[in-house]
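Worksheet for the structure shown next.
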Amino acid sequence: MLDLKRIRNNSNEIKEALNNRGEKFDVTVIDEVLKLDEERRNILVKVEVLKSKRNQVSSEVPKLKKEGKDVSNIVAEMKNLSEEIKGFDATLAKIDEKIQYIMLRIPNIPNPQVPDGETDEDNIEIRNWLEPTKFDFEPKAHWDIGTNLNILDFERAGKVTGSRFTFYKGLGARLERAVISYFLDTHTEKHGYTEILPPYMVNRTSMIGTGQLPKFEEDAFKISEDDYFLIPTAEVPVTNLYRDEILKGDELPLKHVAYSACFRSEAGSAGRDTRGLVRQHQFNKVELVKFTKPEQSYEELEKLTNDAETVLKELGIPYRVVRICKGDLGFTAALKYDLEVWMPSYNRYVEISSCSNFEDFQARRANIRYKEDAKAKPQYVHTLNGSGVAIGRTVAAILENYQSEDGSVTIPEVLRPYMGGREVIK
């Protein structure tokens, strides 16, 4: 959520920034929120005048009573003033509700570093690692490799549940578990993150806090009876861990890593990478989340991105890092990098992680603040997160980049200790 004071003082700048985003945003709502804000402030002035008058009148009552004078007129005036204040308070509550409704639907403002552009084709490659994998045979797609090795079963998952679900079997299940354990061990032991195992269901307030709601409710799996949501990413519960709290400045940055299953309806994604493991309704992911002081956040974003890159380097999977343009930035991020792995069957790079700085956008929605010391005024933290990284897509990238002509798959060296020393799946 944006700072209303920032909108008030820089409305034209805000409108221009919002106009440059991918989804054309109706900037007239900025004028609407400013009009409501002005109305609210005018009413507050009136309320303060009325309260001052009521206090002045009420202070006269004891003295007049002591003198034996009739105070019925003054009491009646006090009652009228209180009723008038009550009416204004009700109006203010309605105005606040309208302002909140609009503010929750205004996207974040892109950082000046974000490049211009309208689609993902305008994203800028920052760096890459390893050349795309070459084969002297026609490489197979990971869904064919997994099916032929009897380690992935899409057909039976379709029977049991529906499309875009998977059974991992035998060494496929073990490979998935190995990747999860390797990622968690790397981020906790080498990168200094504290591990969190979060709930897989959250309430509506949590989804609003991280920006999934109200805009993306159609993409969420909802348990209507309790108004709970299955998490689309561990970012939601881990960020909301500190909702409505004031952190200590010397604790920052806080660094958490969380493994979780993730659940997404992927509404509107029909036909986009829907085969295999790339776009599933349920998938596993290791998430990195940071809470920082504002002046630290962009340095910490670079570190977070490098932490995510480390596991791809150690796995030996070719990848690149792209800086996301304004048109492809999404609702909540101020600046975002995507890590994309090379997928031979696609003959292109596929996103495996998004690393974002939200600045104070989520912190304002979730009311997460910090104080430098006991006497200092609370300030909003900056929140960051990134996949560290998506598990299913990692398994897919391993199957495709490490495949052999005979259909077997070499296990990356760093995963072999988690696979009982096994070197090949065949």
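Backbone N, Cα and C atoms are what each Cβ position is placed from, and that goes for glycine too.
These features come from Swiss-Prot:
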type    : residues                                               : note
BINDING : Thr233, Ala234, Glu235, Glu287, Ser387                 : L-serine binding site
BINDING : Arg264, Ser265, Glu266, Glu351, Ile352, Ser353, Ser354 : ATP binding site
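Locations of recorded Swiss-Prot features on the structure.
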| residue | record | DSSP (3 states) |
| --- | --- | --- |
| Thr233 | L-serine binding site | coil |
| Arg264 | ATP binding site | coil |
| Glu287 | L-serine binding site | strand |
| Glu351 | ATP binding site | strand |
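For the pair Ile352 (ATP binding site) and Glu235 (L-serine binding site), the Cα-Cα distance reads 15 Å. A Cα-Cα distance of 14 Å separates Glu235 (L-serine binding site) from Arg264 (ATP binding site). Around the Cβ of Glu351 (ATP binding site), the number of neighbouring Cβ atoms within 10 Å comes to 17. Proximity of Thr233 (L-serine binding site) to non-local residues of its own chain (separation of 6 or more, Cβ distance below 8 Å) is seen for Ser260, Cys262, Lys285, Glu287, Asn385, Ser387, given in sequence order. The two recorded residues Ser353 (ATP binding site) and Ala234 (L-serine binding site) have their Cα atoms spaced 13 Å from each other. Neighbouring residues of the recorded L-serine site, listed in sequence order and excluding Thr233, Ala234, Glu235, Glu287, Ser387, comprise Val236, Val238, Ala258, Ser260, Cys262, Lys285, Val286, Leu288, Val289, Asn385, Gly386 (Cβ within 8 Å of the Cβ centroid). Across the residues annotated as binding ATP (Arg264, Ser265, Glu266, Glu351, Ile352, Ser353, Ser354), the widest Cα-Cα separation comes to 19 Å. Less than 8 angstroms from the CB of Glu266 (ATP binding site) sit Arg164, Asp219, Arg279, His281, each of them six or more residues away in the same chain. Annotation for Arg264 (ATP binding site): same-chain Cβ neighbours under 8 Å, separated by at least 6 residues, are Asp219, Ala220, Phe221, Pro232, His281. Of all the binding-site residues listed (Ser265, Ser353, Ser354), Ser265 has the fewest other CB atoms within 10 A of its CB.
Glu287 (L-serine binding site) is surrounded by 29 other CB atoms, counting those within 10 A of its CB over all protein chains shown. Geometry remark: Ser354 (ATP binding site) versus Ala234 (L-serine binding site), CA distance 13 Å.
Looking at Ala234 (L-serine binding site) and Ser265 (ATP binding site), their Cα atoms lie 16 Å from each other.
The candidate set comprises the binding-site residues Glu235, Ser387. Of these, Glu235 has the most other Cβ atoms within 10 Å.
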